[in-house]
Amino acid sequence: MFILASQSPRRQALLKRVVNDFEVQPAQIDEHETPLTAPGDYVQTLAQRKGEAVAVQYPTATILAADTAISFQGTLYGKPKDRQDAYEMLRQLSGQTHQVYTGLWLMKDGLVQQKVVQTDVTFWHLSTAEIEQYLDQNEYADKAGAYGIQGAGALLINKVNGDFYNVVGLPVSTVARMLQN
């Protein structure tokens with residue numbers, strides 16, 4: 001049995017590229033209980049907490065848990081609270097390079113592997129009108145950093161250095177290699 005410990009539709013779609021048959025079992029944890037640390041450590045800790053929470057219920061299953069966050073100049077960006085919060089995030093990221101981190105936790109045959117994948121993303125310089133036009137698409141609400149690279153958010157991006165799918169939410173090639181080990 002293979003379990004994805006995430007309810008993210010993007011992670012589910014990406015995992016299908018690597019695993020044919022899996023179940024979705026979101027972890028029931030309070031993410032706010034995880035102290036803010038360095039971005040890579042933060043996402044790794046959250047992925048571990050999610051994976052371990054599901055492993056208690058399914059100790060013999062293969063379980064994949066992941067968490068993604070955006071970091072810019074030492075600040076972690078999660079999902080925006082509202083449109084104004086999303087506007088501020090995008091304004092701050094405009095013309096800048098930020099980092100997207102995904103922590104991965106995989107339990108297979110009772111053994112645990114953990115990895116953190118980092119991708120650098122550079123935004124174009126965005127006008128107020130461009131930001132407002134993007135926000136009008138209403139795809140920002142459930143996305144860290146207030147954008148989705150796989151949707152209209154692609155128009156905001158000048159350059160990606162690293163794994164594109166990491167920015168979507170699941171670094172597929174890294175997951176495939178972890179599963180081979």
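A Cβ is built for glycine as well, from the same backbone N, Cα and C atoms used for every other residue.
Database features, via Swiss-Prot:
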type	residues	note
SITE	Arg10	site 'Important for substrate specificity'
ACT_SITE	Asp67	active site, proton acceptor
SITE	Thr68	site 'Important for substrate specificity'
SITE	Gln150	site 'Important for substrate specificity'
Spatial neighbours, same chain, of Arg10 (site 'Important for substrate specificity') - Cβ under 8 Å, 6+ residues apart = Gly148, Gln150, Val168, Gly169, Leu170
Counting every protein chain present, what is the number of Cβ atoms, excluding its own, within 10 Å of the Cβ of Gln150 (site 'Important for substrate specificity')?
-> 17
Distant-in-sequence Cβ neighbours of Thr68 (site 'Important for substrate specificity'), under 8 Å, six or more positions away = Val43, Val100, Tyr101, Thr102, Gly103, Ala144, Asn166, Gly169
